[in-house]
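Swiss-Prot annotations:
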ACT_SITE  Cys168  active site, acyl-thioester intermediate
BINDING   Arg70, Gly71, Gly72, Gln73, Val74, Thr75, Tyr76, His77, Ser137, Leu138, Gly139, Gly150, Leu151, Ala152  substrate binding site
DOMAIN    31-206  domain 'BPL/LPL catalytic'
SITE      Lys134  site 'Lowers pKa of active site Cys'
Amino acid sequence: MAATLGFRDLGLIDYETAWHAMKRFTDERGREAADEVWLVQHPPVFTQGQSGKAEHLLLPGNIPVVQVDRGGQVTYHGPGQLVAYLMLDVRRLGFGVRDLVTRIENTLIALLADYGVKAAAKADAPGVYVDGAKIASLGLRIRNGCSFHGLALNVDMDLEPFRRINPCGYAGLAMTQLSDQAGQIEFSEVSARLRAQLVKHLDYAEQATLTGGINHYD
């Protein structure tokens, strides 16, 4: 079991700022560096993964599109969505990539169960679904044995921009969110529950709250 998983709550932050910072963090970390999770929300943005195809961007309109280095296709981030960037030494943890993906999916399924929402993963389409509608997405990159990028859980947000794309490359894929499934919820409580479930499902002994921003990685 790993020792401590540190969490930084960064609030609303520009996508590209977070992306460049997580790449630099991963490139500069040493073998003894502690693992971190950055909890954020983003202003509206579409991100196109390495497998992304232009035809899945239907009508982006005035929402920016950023080509990124994670796996997967196009998705949307916006306020009211809880994003967790997972900077983990996967090699040290002893996880394979498929194992890591399964653990993240199980984390989200357990979190949703805390709210009485029955969710499931799909073997052929990474993410978490409620009655066939996608409630959480994930996309990772592994570099030098360490992960970055992570997961995005729709908590209480405007889902309309998802209709401007084929989410994750699937035409007509329905999207849902926790507030539609469980009623009124506190975003901060969801974040706290996600922290606890990540610690449990990634086999850490405890969690720690990290202070300070990420400007030195930007």
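The count begins at 1 with the first shown residue.
The backbone N, Cα and C atoms fix where each Cβ goes, and this holds for glycine too.
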What is the total of other Cβ atoms whose distance to the Cβ of Tyr76 (substrate binding site) is within 10 Å?
26
Surrounding CB atoms that lie within 10 Å of the CB of Cys168 (active site, acyl-thioester intermediate), all protein chains:
23
What three-state secondary structure does DSSP assign to Ser137 (substrate binding site)?
strand
Among Arg70, Lys134, the recorded positions in question, whose Cβ has the most other Cβ atoms within 10 Å in this structure?
Lys134
Three-state secondary structure, which DSSP defines for Arg70 (substrate binding site):
coil
Segment-level pLDDT (mean, integer) for the domain 'BPL/LPL catalytic' (31-206):
92
Mapped DSSP class for Leu151 (substrate binding site), helix or strand or coil:
strand
Can you check which residue among the binding-site residues Val74, Gly139 has the largest number of Cβ atoms within 10 Å of its own?
Val74
Number of other Cβ atoms within 10 Å of the Cβ of Leu151 (substrate binding site) across all protein chains:
25
Hey, does DSSP put Tyr76 (substrate binding site) in a helix, a strand, or just coil?
strand
Just report the maximum Cα pair distance in Å for the recorded substrate binders Arg70, Gly71, Gly72, Gln73, Val74, Thr75, Tyr76, His77, Ser137, Leu138, Gly139, Gly150, Leu151, Ala152, no decimals.
16
